[in-house]
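Structure record follows, encoded as structure tokens.
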């Protein structure tokens, strides 16, 4: 659930999987990089791009999810995660699904924020849920989080199998903030459409800050080498176009899938039925098979209730739709 934290102006984001107050245990460093995105919006892809720049090549000192942990995730003791980060001598880059209004913005830190067409993110999460070992997730969560601090299951038992179309309708209509105790809302654990656009909105209103930069899944698909140059510039890391082209070959979906045991998140935690299936296809437009004409119309009505036109254009098409530098 989301609520105002009494000690700061941050919003508190707590669910079965994450607690943004875990950030209080970490001392940030000058030059740290925080990568934030809604689920299934290109965060792992961005971590891989940043890793290629930080290490100037494809090799990693360990699994990506250990080198660049999801700090908020409640399946590892925070002391263990912080100790790993404190021991790192390289420039740190840390994963979060927390919106920027749930983080303390530090002028010494770069915030790399990523978007994707919300419909594609929802389809991807639908498939990811089928690949996730929910029992294992719950065991890990309960081993870390005391009983009195645990959040209720992500959604109630509905008594019947739900079709993808039913899931999408709930996802489309759901509120920004789930009721207390629910943890997540549909779709299958992903935030609602309102949640996603809220998160992107927290970036959009801060996009002109010098240490906040926006990236988009569609732009990666269009020109991966060119997009690799953008975080290089933002992070002050020297890279030529030729070097970016060389590095980008290690960040294609096929390349990441071939090294899924290193690149996919949480591979050391046993939460996936298949590490390779985390990198399912990486395409766009699969949502069309689940949307009737009525859903199409409702979707466009709904998004215009939730966000301004410039944000919506960027959220759905990347810089082709609207350049956030404007």
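The backbone N, Cα and C atoms fix where each Cβ goes, glycine too.
The model shown is predicted, which means the values in this text are computed figures rather than measured ones.
Feature annotation from Swiss-Prot assigns 3'-phosphoadenylyl sulfate binding site to 40-45, 116-124. The active site, proton acceptor annotation in Swiss-Prot covers 97 and rests on sequence analysis.
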Residue 122 (3'-phosphoadenylyl sulfate binding site) to the residue listed as 'active site, proton acceptor' - Cα separation in whole Å: 15
If you count the other CB atoms within 10 A of the CB of residue 120 (3'-phosphoadenylyl sulfate binding site), including all protein chains displayed, you should get 21
Roughly how many Å lie between the Cα atoms of residue 118 (3'-phosphoadenylyl sulfate binding site) and residue 97 (active site, proton acceptor), rounded to a whole value? 14
Cβ neighbour count (within 10 Å, all chains shown) around residue 118 (3'-phosphoadenylyl sulfate binding site): 30
Students should find that the Cα atoms of residue 120 (3'-phosphoadenylyl sulfate binding site) and residue 97 (active site, proton acceptor) sit apart, in Å rounded to an integer, by 17
Identify, in sequence order, the residues in the chain of residue 42 (3'-phosphoadenylyl sulfate binding site) that are 6 or more apart from it along the sequence and have a CB within less than 8 Å of its CB; answer 'none' if there are none. 114, 115, 116, 215, 216, 217, 220
Spatial neighbours, same chain, of residue 97 (active site, proton acceptor) - Cβ under 8 Å, 6+ residues apart: 18, 36, 37, 38, 39, 43, 70, 72
